[in-house]
Amino acid sequence: MKRPNILLTGGTPGVGKTTLGKELAQRTGLTYVNVGDLAQEGQLFEGFDDEYQCPILDEDRVVDELEDKMADGGVIIDYHGCDFFPERWFHIVFVLRTDNTNLYNRLESRGYTGKKLQDNVQCEIFQTIYEEAMEAYKEEIVHQLPSNTPEDLERNLEQIVQWIEQWMKDNN
């Protein structure tokens, strides 16, 4: 494996995973995969959640779909959950964190209301996904990144690009 696999997660929509992932792929040549889009294209669902009005991801089928690509390396995975991916897949995990006011406004602008809006903001308040990531992967590969401003985005891009360059020097 000549290039690292990276997980961008953050627990809720609206924290900036997709913006960061796509830009990172452009700057590094790594392959960007949005798991939500992948699931949509391949119909990798196992039902519908009436409460949240969204399809339920078939995690096993997603893992099967990605297995070969991940073995080759050089993949950036973007998804709001993280504990069902095999630990061996990732060299580093970035958990994006957004302050609640920013997150609330971003989700509201996407049409989120009521319970769906509240639950997503609560998920961020309680650091749910950060804790999930710390349990699912080795602590030393899990990093939190602030994702509130364009400056945060640029700083995160620079840090991750540097990390990728260093990983490639150390592992090739």
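Each residue, glycine too, has its Cβ placed from N, Cα and C.
Nobody curates TrEMBL annotations by hand; they come from automatic prediction.
These features come from TrEMBL:
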type	residues	note
BINDING	Gly14, Gly16, Lys17, Thr18, Thr19, Arg110	ATP binding site
REGION	34-57	region 'NMPbind'
REGION	109-119	region 'LID'
Beyond the flanks of the region 'NMPbind' (34-57) by at least 6 residues, Cβ under 8 Å: 18, 21, 65-66, 77-79, 81, 115-116, 119
Listed in sequence order, residues not in Gly14, Gly16, Lys17, Thr18, Thr19, Arg110 with Cβ within 8 Å of the centre of the ATP site Cβ atoms: Gly10, Pro13, Val15, Leu20, Arg106
Binding-site residues (Lys17, Arg110), the one with most neighbouring Cβ atoms at 10 Å: Lys17
Local Cβ density at Thr18 (ATP binding site) - other Cβ atoms counted within 10 Å: 16
Where the record names Gly14, Gly16, Lys17, Thr18, Thr19, Arg110 as binding ATP, the maximum Cα to Cα distance in Å: 15
Integer mean pLDDT for the region 'NMPbind' (34-57): 94
For the region 'LID' (109-119), residues assigned helix / strand / coil by DSSP: 7 helix, 0 strand, 4 coil
DSSP-derived helix, strand and coil totals, residue by residue, for the region 'NMPbind' (34-57): 8 helix, 10 strand, 6 coil
Close in space, distant in sequence - Gly16 (ATP binding site), Cβ under 8 Å, 6 or more apart: Gly10, Leu96, Thr98, Ser147, Asp152, Leu153
Long-range Cβ environment of Thr19 (ATP binding site), under 8 Å and at least 6 residues apart: Leu153
Gly14 (ATP binding site), number of other Cβ atoms within 10 Å: 24
